[in-house]
Amino acid sequence: MKVIDGAEYKRRIAALKSSVWYDGKLVEDITDHPAFRGGIQSQAELYDLQNEEEHQSITMSSSQFGTSYLIPRTKADLEKRRKLVQLWARHTAGMMGRSPDYMNTVLASFAASKNLLENEENCFPDRLQAFYEKAKGEDLSFTHTFINPQNNRASLSFLDEDDQNARIVDKTEEGLIIRGAKLLATQGGMTDEVIVYSAPGASKKEYAYLFSIPTDTAGLKFVCRSSFGVDSSRFNSPLSSRFEEMDSLVLFDDVLVPWERVFLYENIRAADQLYVKGKFTPMTLHQIVSRQVIKTEFVLGLAIKIVEEIQIEEYHHVQSKVAEMIKARESLKALLLLSENDSLEDEAGVMVPARLPLYTAINEFQRFYPRFTEILQLLGASGLVTLPSEDAFQSDLREDLNFYLRTGVSNGEDKVRLYRLAWDVAMSSFGSRQTLYERFFFGDPVRIEQVIYQSCNKESYSQFAEEFLHKKS
Ligand SMILES: Cc1cc2nc3c(=O)[nH]c(=O)nc-3n(C[C@H](O)[C@H](O)[C@H](O)COP(=O)(O)OP(=O)(O)OC[C@H]3O[C@@H](n4cnc5c(N)ncnc54)[C@H](O)[C@@H]3O)c2cc1C
């Protein structure tokens, strides 16, 4: 089997019986629980889409595994990856940050960087390669958890003894023993596997590792927040009912990680190098920005629909707000294509998209996306709260609601349907979490800006200015 369909994805997740905790209770069947059902169904639809004949020239690589696992060797491979990501993103309006392509790309990027683990102490590039082959052969699904819990973020926090963070507490014949916590995993329990990696900057060797384990491994627990997807009405909650991905604290209660699943341990330098010099950042950012272009197009479309619905197009400030979104879309798309255009083949034969345009795009999106939601609020105004429910439209009030909530374009029900969509982007708990997600999920915007500053070849620009200063004619 090279690619799975939605039914197989659901069957596997239900069979796992992972230790997922919701509201203080162990979840029995995650695929049938109201907190998770919508997100799991949407994920299943993506797998079904992967199988559709008409899309297979995009969704499948020439070797018949999913394109999301493809390690790009040519510019055409990058283009194919972009098209796959955007096909899936269109199905979710870009609202599922963790559609399968995200983590499949992460694993492919680690495998594409295995040369950095060669001849390094406690590093196992062959195991990483074998695991990548297994994952793409079985079309495994993944979540990940990289960051330590948010306790002390002071620059000298590493001086504190910390028994909170997940760390290696023992090594046995069978494998590593891990104890402690990781900050969070989106879709914890909704995937076959979880990839666990030490964030760069581990200060002690027991905090440096990279491994993957099945989600139902003994001692592994996912502790969830409250779900934003419990209202299953598509009319009431058009996005939350379908694309709630859930976030969970990850606890390791003396978890045994078998040696064949350990790719790196107790080697701080190798763990850092894999992040800094490996292909994780450029390959993953290429996936992310491809999705963000589609999400921008969706939210832009929504803003245009609101402008048309209440006929406010004539006002200059309205045009200006929509133009802001158009410019954002053009900039993101240009940066994405620039990253492909400037991609370079590295020593391992991987076509690596250019980093700086992608870093620029994600850092801009961290600013753009909250502004998009603000623009929807500024255009939608009170329409974003005059939102009777689906049941209200099925009641004796129906006629009144259709009449008094009508616009020049729609009856009340259709107007509310549109505005509920905008509300789910810009105002609901789901919408706020989307904003927080786009601000932070790939890292703190402040520190991404620092990376942009540090990675830019500033000398070439200062030299240009210098030469100009001293030019005689
Ligand atoms: C919705 C959501 C989903 C996520 N999903 C996942 C997931 O599936 N897996 C995963 O591993 N991670 C996930 N993350 C975590 C994400 O990687 C982190 O949020 C991100 O790296 C920022 O870390 P933090 O949240 O701990 O913020 P902090 O580092 O605690 O930052 C908090 C504040 O302190 C400031 N600050 C802290 N340290 C510094 C510093 N050194 N210099 C300057 N300012 C500083 C920041 O600028 C910020 O204002 C997710 C995050 C969100 C919000």
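Please read every residue number as a count from 1 along the shown chain.
Quick reminder: no glycine exception, Cβ is built from N, Cα and C everywhere.
Those TrEMBL annotations? Automatic predictions, nothing curated.
According to TrEMBL:
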- 6-264: domain 'HpaB/PvcC/4-BUDH N-terminal' (DOMAIN)
- GLN150, ASN151, ASN152, ARG153, THR186, ASP444, PRO445, VAL446, ARG447: FAD binding site (BINDING)
- 272-469: domain 'HpaB/PvcC/4-BUDH C-terminal' (DOMAIN)
Next on the checklist: In the three-state scheme derived from DSSP, which category covers ARG447 (FAD binding site)?
Outcome noted: helix
Checklist entry - According to DSSP, which kind of secondary structure is THR186 (FAD binding site) found in, if we only use helix, strand and coil? => result strand
Item to check | Number of other Cβ atoms within 10 Å of the Cβ of GLN150 (FAD binding site) across all protein chains | outcome: 8
Next on the checklist: For ligand 1, list the binding-site residues among GLN150, ASN152, THR186, PRO445 whose CB atom is within a distance below 6 Å of it, in sequence order.
Outcome noted: GLN150, THR186
Next on the checklist: Using other CB atoms within 10 angstroms as the count, which residue among the binding-site residues ASN152, THR186 scores least?
Outcome noted: ASN152
Item to check | Tertiary neighbours of PRO445 (FAD binding site) (same chain, Cβ under 8 Å, six or more apart) | outcome: ASN363, GLN366, ARG367, ARG439
Checklist entry - Just counting, how many other CB atoms are there within 10 A of the CB of ARG447 (FAD binding site)? => result 10
Next on the checklist: Averaging the per-residue pLDDT over the domain 'HpaB/PvcC/4-BUDH C-terminal' (272-469), what integer do you get?
Outcome noted: 97
